[in-house]
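Student: The transmembrane segment annotation in TrEMBL covers 40-62, 83-100, 120-143, 155-177, 189-209, 221-249, 269-286, 384-408, 429-451, 488-510, 572-596, 616-641 (among others). TrEMBL lists 537-643 with the feature domain 'Major facilitator superfamily (MFS) profile'.
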Amino acid sequence: MVNILANGAPEAVHLGSAPAPEALPERGALARAYQRVMEMIGWLARAVLFVVLVGELCLILVEVSQRIFFGHSFLWAEEISRLALLTIAFIGGALAYRSHQHTTVALVTDALSAPLRRMVMAMIDVTILMIAAVAFLAATDLLQINAQSIMPMLQWNLGLTVVPFIAGMLLIGLFAIERLLIVHRLVPVVQAAIAAGIIGGIVYTMSLIPEIRLETGSALVAMLVVFFAIILLGLPVAFAMLLGSILFLLATDLAPTVAVAQNTIDGSGHFILLTLPFFIWAGMIMEKGGISRRLVGLAMALVGHFRGGLLQVVIMTTYLVSGVSGSKIADVVAVGSVMRDELERKGYHPKDGAAVLSASAAMSETIPPSIAMLVLGSVVPVSIGAMFIAGLLPAAVLALILMALVYVMAVRNPTIHVEKASRAVVVEATLGAILPLLMPAILVVGIKFGLATPTEVSSVAVLYGILLCALVYRSIGWGSFIKIAVECAITSGMVLFIIAAAGSFAWIMAAGNLPQHLVTLLHAAGDNRYLFLAGSILILIVVGSLLEGLPALIILGPILYPMATQLGIDGVHYAMVLLLSMGVGIFMPPLGIGFYVACSVMGTSVEQTSKAILPYLLALLFGILAVSAVPFFSLALLHVFGR
């Protein structure tokens, strides 16, 4: 158990990575001792996450049983769940920072000379240390404020809701010091500390002298410029949003920095967000239990004999696997790792496989249980159940467009022919995939017909996955269960940490009157709904590519959604447009993080795949325009099943 908890989640693929500690020259005895202490703290933090995640699952399952069999619920369950969410978000987010899982864009940094790159990378960790320190101090002030109130149901001190944030910032600070001691050389660290001290001193001085403070509009523009610049230099997106929020408040007299802590905590404390770690957990269990291979077998039997057969299989398998896992990056890894060798054996170039895999994952963003749907449903007034039903058809439209493109390209460039599967093989593959495909059916039916809330359904999905893989397929044991749970908690923590930081950043956007500026711009454009839809698609693709998708939804969703409804655009229809556009952004070169993951999984270069993916990006853009112009695609299933 020690080894399992120590390993945690695997390091994520990202755009530029810090060197691993073990690859560096031996450090002094003090640094090595500090690193050993951090290993122990990391192990304890993973143990806490495991207990919290499993305990929360048990609580929700008992809650469901109580309601079904005895007709009543625990009134205090939501308050316990909020504490669990905050613990996963901030402690899990801190562990994700230590294991380099936070999303970064380091294309600019990688192009720098070695000495300058070392200084910039040291500057990033110095900046994160300063962010953690400021947030920690702000949270201690918030703790004193909240300590004067109590929770309505549990009658516990409300200050407990701040404790996970304080613990997370403390861990991030300790892990940042570890990196500065172990990963970086002394000279770049000193240079970075001096530069950070000068910049921090200037900003702090501005906060003390009212005469040199910026107006709200000027501060917003300056903050956005700094925000995008530091992201391009490699600061993880979540920390860039926290830094932007802190700088804005220091440069203006709008509110004290305690508002950053409050809004960050509020950003990840919504009960509906509990579905996120549960769906991630269910997806990990099903995929590590060999489910993806069964779905690949079904797709191979159904479409493997078409022109461009194995690429058609990639598209269809991604559609099917997305109904099991809510994470598109997890879909890429699951499908790509299974299909890579088969594509190579049949003579397909890895760049073609990576291009189709990226496009397929972008296409599947509206297939339930999509994490993006859950996040969007938590920030705008649109039904998650309605999105779960509506999203199947738009994704199918884009999938058919991609399959048609693969077919046409295969006619022009003939590929290896695959024999059509016999009826017996099709039946066998279908039977093997029935149990995995029951899970998305349970999700949609349970939510749509009011049998359970999204959170309750997600907990049932985890239980279903455990029973299926442990008892039916016997593909996971106790050790695998612990490892998957810890990996899920850290991955969920990373995502929830981004959502929390985006909550604070979105509050800053609203405080800076950005929504009002956009409304004015819309009126100046003549209130044209089609122009608005086209603009929304462009904005979500660009910002989604830069911010890894979810922050783009959290920041822009509450701004754009009311404008869409004012123009008479159906809310569910507009949600589909936003989700698909964001999905394309995540997998669009040169910044989309999903694109780099696909290239890594398929073992090909970014340069080659960037050219190969262009036709598929154009096909996706055509499909999104078709979905946005024809609401029928988004609303047809809702009309069939009732809204």
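Every residue gets a Cβ built from N, Cα and C, even glycine.
Just so you know, TrEMBL annotations are computer predictions that nobody has curated.
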Student: Do the transmembrane segment (120-143) and the transmembrane segment (221-249) share at least 3 Cβ pairs closer than 8 Å, excluding pairs fewer than 6 residues apart in sequence?
Tutor: yes
Student: Taking contact to mean 3 or more CB pairs closer than 8 A (sequence separation of 6 or more), are the transmembrane segment (572-596) and the transmembrane segment (384-408) in contact?
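Tutor: Between the transmembrane segment (572-596) and the transmembrane segment (384-408), contact is present.
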Student: Do any residues of this chain, six or more beyond the ends of the transmembrane segment (83-100), have a C-beta under 8 angstroms from a C-beta of it, and if so which?
Tutor: 8-12, 14, 17-18, 38, 42, 45-46, 48-49, 52-53, 55-56, 128, 160-161, 164-165, 167-169, 171-172, 175-176, 178, 236, 238, 265, 268-271, 273-274, 277, 489-494, 496-500
Student: Same chain, outside the transmembrane segment (221-249) by at least 6, Cβ under 8 Å from its Cβ: which residues?
Tutor: 16, 93, 97, 102-109, 120-121, 124, 127-128, 131, 134-135, 203, 214, 255-257, 259-260, 263-264, 494, 497-498, 500-502, 504-505, 507-508, 511-512, 546-548, 551
Student: Do we see three or more Cβ pairs under 8 Å linking the transmembrane segment (384-408) and the transmembrane segment (616-641), pairs being at least 6 apart in sequence?
Tutor: yes
Student: What mean pLDDT score does the domain 'Major facilitator superfamily (MFS) profile' (537-643) have in the model?
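Tutor: Averaging the confidence scores along the domain 'Major facilitator superfamily (MFS) profile' (537-643) gives 88.
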Student: So which of 189-209, 429-451, 488-510, 616-641 has the most C-beta pairs under 8 Å when paired with the transmembrane segment (40-62)?
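Tutor: The stretch with the most contacts is 488-510.
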Student: Using a Cβ cut-off under 8 Å, which residues of the same chain at least 6 positions beyond either end of the transmembrane segment (189-209) come close to it?
Tutor: 119, 122-123, 125-127, 130, 180, 247, 250-251
